Every structure is written in structure tokens, then in C-alpha cells.
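Novice: The annotation NAD(+) binding site is assigned in TrEMBL to Q13, G14, I15, D62, V63, N89, Y155, K159, P185, G186, I187, V188, K189, T190. Residues annotated as active site, proton acceptor in TrEMBL: Y155.
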Amino acid sequence: MSDKVAIVTGAGQGIGEAIAKRLAKDGFKVGLVGRHVEKVDAVAESINAEFGADTAFAVKGDVSKRDEVFTAVEKISDKFGDLNVIVNNAGVAPTTPIMEVTEDDMEWTWKINVDGVIWGTQAAVTAFKKFNHGGKIINATSQAGVQGNPSLTVYGSTKFAIRGITQTTAKELAASNITVNAYAPGIVKTPMMMDIAHEVGQNAGKDDEWGMAQFAKGIALGKLSEPEDVASVASFLAGPDSNYITGQTIIVDGGMVFN
Ligand SMILES: NC(=O)c1ccc[n+]([C@@H]2O[C@H](COP(=O)([O-])OP(=O)(O)OC[C@H]3O[C@@H](n4cnc5c(N)ncnc54)[C@H](O)[C@@H]3O)[C@@H](O)[C@H]2O)c1
Ligand SMILES: CC(=O)[C@H](C)O
């Protein structure tokens, strides 16, 4: 059981929702941050119904905007009186065949996926120091940040970048008793992945199932993961058993953990 406080960004659906629910089950107070406040409110309500009122608290915030991230972290840490873990989960994944990449694709995707990790890290470290203790930073990369995926150059470049940020910040923050790690899911059944499968299928004149198969066959087990599989790794990284692990990326593929 934990009496600690965690924040999860992009917690309105998919992997972020699963992580928020798992950390609540682990005993955390959970702050949920999302662009669409009605979605994170709904997840917070379901968590409070299951784990007790005031377990979860939702705040609107766009992770690409530094001020909104700091405001969200301040609101949540003020509400619960502490902060111990942040999960920089929010992300977007446009399908971008290399010859179709635009400047907007690059700016939009990097501002959310990469800037969002930087702002979440800065805001969390600011809170850890305010409460005079260390903490844990957990970033969302991807198998697409470990191996190149065709049609995902822009997205994949952000996920490779997040692995690098995880390593650099882990070294910078170790002296402050702050660990930084990342989870790298394989192919997980979420709206993001369904959208990619649809786009890839459409681009090839095929159906969504064909599009999904283009990714699953490239993954070690060729199996799809559930958001809860990823949440189990986030639970480990948020808990005390991972206190001496930092700068690492844990691959979650087909419901199994690889490294
Ligand atoms: N689904 C997969 O197969 C898969 C695999 C590997 C990695 N990932 C990563 O896991 C994370 C979650 O993915 P998912 O599949 O649950 O995605 P999803 O699209 O289903 O959910 C992402 C959530 O993030 C939110 N979000 C997007 N931009 C935001 C912003 N600017 N500010 C705040 N919230 C924002 C969305 O509203 C959504 O609720 C992402 O970082 C993704 O790159 C997903
Ligand atoms: C294709 C993939 O790995 C996800 C979206 O990160």
C-alpha cells in the first residue's frame, strides 16, 4: 500500500487511464491531467467510486504548454499536500510517411510528446523540492522509440528522443534522489493504436486489421498488449522496489516485460 501522490498525464483514456486506476489500486492519491477535462473527470469519478472519495482529482491541462503543466502540477500537489511520482504519458502519434511529413507534423508532435516530457519533468522536480524529498519520473516511450517503424518517422523520432531524455535527466537528477525511467509498450489496444492501424491500412488500400498486422508482426511476440499490462510496469516503476533503478527503458510487449 502507498500513501503517496502520483500525477498521470493523458489519463482520460487508454494507457494513461489504466495507469491512473492501477496506481489508485496501489494506494496512491492520483492527479489526472488531460486536454479534455470531461474525459479525465470521468476517469477520476470512476476511481473515487471504487477507491474512495478524494482518491483522484482531475485537472485540465495541455502538456505542450509549460504554464499549463506547472499550473496542473501545482493544483494537484496543493490538493493532496504532496507529490511523489509523475507519469509523463500524454502523447500523439500521427502516421507520417517520410515524403508527406510537414512542418506542422513536426512542431505539433514534438511539442506534445517531447516538450510535454520536459515540462512535466521540470514541474515535478519543482514540486519534489518544495516538499523536501526526492521522487520518481516515469516517461512513455514506445517500441517505436526502440526500433524504426515505417510511416512513423515523426512519432518514432519523438519516442527515441524520450529515451534519451530519460537517460540524461536520470543522471542529472540522481543526486536529488529522483529516479527517471520509461516504459516502451509494444502494440497496445487503445484509440491511438486503432487510429494508426486505420491510417496505415487506408494508405495501402487495405482494412484496419491489415494495418494492425503490419505492426504486430514486427513485435517480439506478435501479440497485442492490454493497457493494464503497461500499467503493471508503471506500478513497479512508481513503487519502492524500483528505487535503485534509473535511466532505464522497460519494454512491455504482448503482455510480457522485456529489456
Ligand atoms: N497504444 C500503443 O500501442 C502505444 C505503444 C507504445 C507507446 N504508447 C505511448 O503510450 C502513451 C499513451 O498512449 P495511448 O495508446 O493510451 O494513447 P491514446 O491516444 O489512447 O491516449 C492518449 C491520451 O493523451 C491525451 N493527450 C494527447 N495530447 C495531449 C496534450 N497535449 N495534453 C494533455 N493530454 C494529451 C489524449 O487526449 C488521450 O487522452 C503515449 O505516449 C504513446 O506514445 C502507446
Ligand atoms: C506503433 C506503436 O508502437 C505505438 C503507437 O507507440
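Any Cβ shown, glycine's included, is placed from N, Cα and C.
Heads up, TrEMBL stuff is auto-annotated, nobody curated it.
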Novice: For Y155 (NAD(+) binding site), list the number of other Cβ atoms lying within 10 Å of its Cβ atom.
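Specialist: 24, counting other Cβ atoms within 10 Å of Y155 (NAD(+) binding site).
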Novice: Within the set I15, Y155, P185, K189, which binding-site residues show a CB-to-ligand 1 distance under 6 A?
Specialist: I15, P185
Novice: What does DSSP call P185 (NAD(+) binding site) in the simple three-state scheme?
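Specialist: Reduced to three states, the DSSP call for P185 (NAD(+) binding site) is strand.
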Novice: For the binding-site residues I15, V63, I187, which Cβ has the most other Cβ atoms within 10 Å, all shown protein chains included?
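Specialist: The largest 10 Å Cβ neighbour count belongs to I15.
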Novice: Give the helix, strand or coil assignment DSSP yields for I15 (NAD(+) binding site).
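Specialist: Assignment for I15 (NAD(+) binding site) reads helix.
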Novice: Just jot down the residues in the same chain as Q13 (NAD(+) binding site), at least 6 apart in sequence, with C-beta under 8 A of its C-beta; none if empty.
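Specialist: Q13 (NAD(+) binding site) has long-range Cβ partners K39, V43, T190, P191.
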Novice: Indicate whether Y155 (NAD(+) binding site) is helix, strand or coil by DSSP.
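Specialist: Reduced to three states, the DSSP call for Y155 (NAD(+) binding site) is helix.
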Novice: Specify the secondary structure state of V63 (NAD(+) binding site) as given by DSSP, simplified to three classes.
Specialist: coil
